[in-house]
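One structure is given below, encoded as C-alpha cells.
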Protein chains: 2
Amino acid sequence: MQNDQDYGNKLNPAWDEKGLITAVLTDAKTGLLLMVAHMNKESFELSMATKEATFWSRSRKKIWRKGEESGHVMKIQEIRIDCDQDTLWLKVIPMGPACHTGAQSCFYRLVEDGHLVTIPKDKI
Amino acid sequence: MQNDQDYGNKLNPAWDEKGLITAVLTDAKTGLLLMVAHMNKESFELSMATKEATFWSRSRKKIWRKGEESGHVMKIQEIRIDCDQDTLWLKVIPMGPACHTGAQSCFYRLVEDGHLVTIPKDKI
C-alpha cells in the first residue's frame, strides 16, 4: 500500500472521485474529537490561508466556512495529513459548539448493544 | 440539516453510496488521533461483536481486521457515532503502531506553508 504520498515533504492530497478529502477536527486544548467534514481544493486552500476551518458542504454543494452563520468558527492551530494523504487532522480552537445540535462535539452518543446512548453534556 | 438520525437512540448508520461509513480511531489512553478508515455493515458488526477494529479495505476490496497481518490489533474500548450517523469514533487500545509506515499514528506530518514536515517519532 506504500506509494509516493506516504513519504517525503510534497503536499499531494489524494482527492477522491468527487474531489474531496476528509477533515477530522479536534479541540487543540482538550483533544476532544469535535467533528468530521470534507474539503475540496478551494476550501482546503481557504482553510490554510484564513486559519479558519472551511469545508465543502456535500448537502448544500457549496463552500462552507464553519461558523459563517452560527459564529462558531473553528480557528486552526495546526494541520496534519495522514500517510496516504486522503485525510486531514485539524487541531482547532472552537469559538462555540461544533455540532448543529448545540453539543460541543458531534459525537455525543455512545453505540452500546446496538442502540445509542446520549452522553450528558458535561461528560462529552 | 436536522433529521431523524440526529436525535434519539436508534442506531441507523447513514451508509454512503458505496455502503460505507467513516471510522476515526483515537488512542483511548492518550487521545492521539491514530487513523481514519472505513466500515461497511459487515465490518461494523464484526467490530462490535469482536471489540477489535475491523474495516472494509477500499483498495483491496475486502474485510480487513486491523492487525490481521501485523499483529497491531486495535482493541475497542468505546464506540460513538456522530449527529448524522455517517462517522464513528472508536477509542482503542493499540497493540502496536497504527500506521503501515511504523509510526504510531498515520498523522506524522504537519502541513506548513504548502509543504509537509515530518514530526519526530517521540513528538507525534
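Using the three backbone atoms N, Cα and C, a Cβ is placed for every residue, glycine included.
Sequence annotations record features per position, and here Swiss-Prot assigns Mg(2+) binding site to B:ASP82, B:ASP84, B:ASP86. Marked as Zn(2+) binding site by Swiss-Prot: B:CYS83, B:CYS99, B:CYS106.
With respect to their backbone Cα atoms, B:ASP82 (Mg(2+) binding site) and B:CYS106 (Zn(2+) binding site) stand 22 Å from each other.
Local packing around the binding-site residues B:CYS83, B:CYS99, B:CYS106 was summarised as the count of other Cβ atoms within 10 Å of each Cβ; on this measure the leading residue is B:CYS106. For the pair formed by B:CYS106 (Zn(2+) binding site) and B:ASP86 (Mg(2+) binding site), distance between Cα atoms is given as 21 Å, rounded to the nearest Å. Cα-Cα distance from B:CYS99 (Zn(2+) binding site) to B:ASP86 (Mg(2+) binding site): 23 Å (rounded to the nearest whole number). All protein chains included, B:ASP86 (Mg(2+) binding site) registers 17 other Cβ atoms within 10 Å of its own Cβ. For the binding-site residues given as B:ASP82, B:ASP84, the lowest number of other CB atoms within 10 Å of the residue's CB is seen at B:ASP84.
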